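*Asks:* What follows is a single structure, and I will ask about it in a moment.
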Amino acid sequence: MAASLIRLHFHDCFVQGCDASILLDDSSSIQSEKNAPNNLNSVRGYEVIDNIKSKVESLCPGVVSCADIVAVAARDASVAVSGPTWTVRLGRRDSTTSGLSQAATNLPSFRDSLDKLVSLFGSKGLSARDMVALSGSHTIGQARCVTFRDRIYDNGTDIDAGFASTRRRRCPANNGNGDDNLAPLELVTPNSFDNNYFKNLIRRKGLLQSDQVLFSGGSTDTIVNEYSKSPKTFRSDFASAMVKMGDIEALTGSAGVIRKFCNVIN
């Protein structure tokens with residue numbers, strides 16, 4: 001679940017801040033972010049957070065927010081797959097609202113151009129370098145065929161022909177056929193947090209279009225090159241970027257609440 005827990009934190013923070021709004025279920029007053037196109041049948045880990053929350057509540061009720069648990073779980077997930085660690089700032093509080101309408105515009109798409117990604121991350125206070133470092137979390141995890149089908153069948157110049165051929169075996173060309181078949185985002189060491197993701201981009205073996213645009217003759221090529229040669233620099237920059245991301249529009253002080261159950265406002 002490591003990749004999923006890191007992604008859960010990311011998808012939470014990019015929609016109205018790191019406030020655990022992504023955990024809220026549909027209700028009479030909530031339109032759940034879980035149903036947003038970028039989250040539905042894609043984001044996982046909700047039950048992991050619920051399980052942690054129930055154990056924390058039994059020890060110190062009403063103290064630790066769901067938003068903080070999501071942030072700490074992302075850090076621990078990284079450590080569990082030999083990734084970097086960082087000090088998680090605490091004190092976030094939980095929202096009483098959901099941001100379903102914002103999710104479509106605030107979350108990146110696998111089809112996004114480099115300019116769109118730089119702009120989107122910039123709107124959250126994250127630099128292009130932060131964006132490339134955070135994209136490196138795709139060193140672990142998997143993607144559904146529906147997210148990379150166009151790329152592997154387009155016969156573009158930005159994809160290695162052998163790589164495309166391999167990926168076509170489990171991802172049929174026709175929409176609706178094998179849409180949910182999975183492929184590793186990074187094919188060399190898919191369960192280990194390392195810098196092979198960046199080495200793959202240089203070889204034109206990025207699985208998603210939004211991965212490969214990071215190394216396609218644009219402004220971020222130099223950063224990809226740097227990370228491909230220096231795992232230490234990548235790990236350090238990833239940790240710093242995760243700390244910055246964890247601060248996006250956080251609710252603190254008397255703002256927000258501490259939910260007793262992460263999926264409902266109570």
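Heads up, the Cβ atoms here are built off N, Cα and C, so glycines get one too.
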*Asks:* Pick from C171, C262: the cysteine that TrEMBL pairs with C66 in a disulfide bond.
*Replies:* C262
*Asks:* Fewest other CB within 10 angstroms, which one of the recorded positions V15, C18, C145, C171, C262?
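*Replies:* Result for the recorded positions V15, C18, C145, C171, C262: minimum number of other Cβ atoms within 10 Å at C145.
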*Asks:* Within its own chain, what residues at least 6 apart in sequence put their Cβ under 8 Å from the Cβ of D194 (Ca(2+) 2 binding site), listed in sequence order?
*Replies:* S82, T139, P231
*Asks:* Over the domain 'Plant heme peroxidase family profile' (1-266), work out the mean pLDDT and round it to an integer.
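*Replies:* Result for the domain 'Plant heme peroxidase family profile' (1-266): average pLDDT 96.
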*Asks:* Among the binding-site residues S21, T139, T189, whose Cβ has the fewest other Cβ atoms within 10 Å?
*Replies:* T189
*Asks:* Let's check the environment of P108 (substrate binding site): how many other CB atoms sit within 10 Å of its CB?
*Replies:* 19
